[in-house]
Amino acid sequence: MGISIRDYQTLEARLRRPGRNTDPTQTVAPAITEGLVLGVDPSLRGTGYGLVEKRGAELRAVAYGTVLCPRTWSRTTCLAAIAQTLRQIVQSHHPTIAVFEGLFHARNLRTALIMGEARGAALSVLAEAGLEIYEIAPRRLKLAVTGHGAAGKQAVANMVRRMLNLTNTPRSDETDALALALAHWQALSRPWTGLSKRI
């Protein structure tokens with residue numbers, strides 16, 4: 001599994017816009033060349049995760065999956081499953097960085113509350129484990145991965161599959177998580193772009 005140097009350089013070029021982040025109060029990802037990044041796409045019934053490793057110029061998917069919670073499970077049972085799974089992932093793979101998608105504006109208050117609970121369960125476990133945690137705005141994530149800020153889920157999934165040379169297209173939650181990890185690697189190689197913000 002991997003991405004060519006040429007494709008990686010193309011992705012980096014997409015982030016080069018006129019002007020750089022000059023706000024000293026904004027914390028961005030420092031330059032890191034190798035390691036393991038965990039992308040997390042929280043949802044009460046299907047939290048996606050994806051681990052992307054970089055060695056030299058190669059990016060590869062180490063592991064990815066979805067924390068599936070049946071509708072018969074209570075909300076608290078789902079939150080416990082999310083926390084337990086992420087804790088096991090950290091213990092097994094030892095990532096040092098986690099990245100989430102930035103907050104969105106939900107029209108339904110109940111939906112926003114439930115999403116916030118799932119996000120909080122994931123954030124608390126990873127913060128407790130000592131990982132550095134970042135977030136990427138939804139539009140900037142799509143722009144970084146596909147070159148289009150308004151790209152649909154299928155376009156993101158197709159690009160993730162190509163970039164990581166995957167045989168099959170992962171589930172939607174998993175591709176979103178892998179996309180977050182991939183985009184964060186761009187931020188790590190070009191910290192002045194401000195693509196990722198530490199939270």
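Every residue, even glycine, has its Cβ placed from backbone N, Cα and C.
Straight from TrEMBL, the features:
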- Asp41: active site (ACT_SITE)
- Glu101: active site (ACT_SITE)
- Asp173: active site (ACT_SITE)
- Asp41, Asp173: Mg(2+) 1 binding site (BINDING)
- Glu101: Mg(2+) 2 binding site (BINDING)
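Cα spacing between Asp41 (active site) and Glu101 (active site): 7 Å, rounded to the nearest whole number.
Under DSSP, Asp41 (active site) is assigned to a strand (E or B) in the three-state scheme. DSSP gives Glu101 (active site) a strand state. In sequence order, Asp41, Glu135, Ile136, Ala137, Pro138, Leu141, Asp176, Leu180 make up the list of same-chain residues 6 or more apart from Glu101 (active site) whose Cβ falls under 8 Å from its Cβ. The Cβ of Asp173 (active site) lies under 8 Å from the Cβ of Asp41, Ser43, Gly46, Thr47, Gly48, Thr66, each on the same chain and at least six residues away in sequence. The Cβ of Asp41 (active site) has 24 neighbouring Cβ atoms from other residues within 10 Å, across all protein chains displayed.
Asp173 (active site) falls within a helix when secondary structure is assigned with DSSP.
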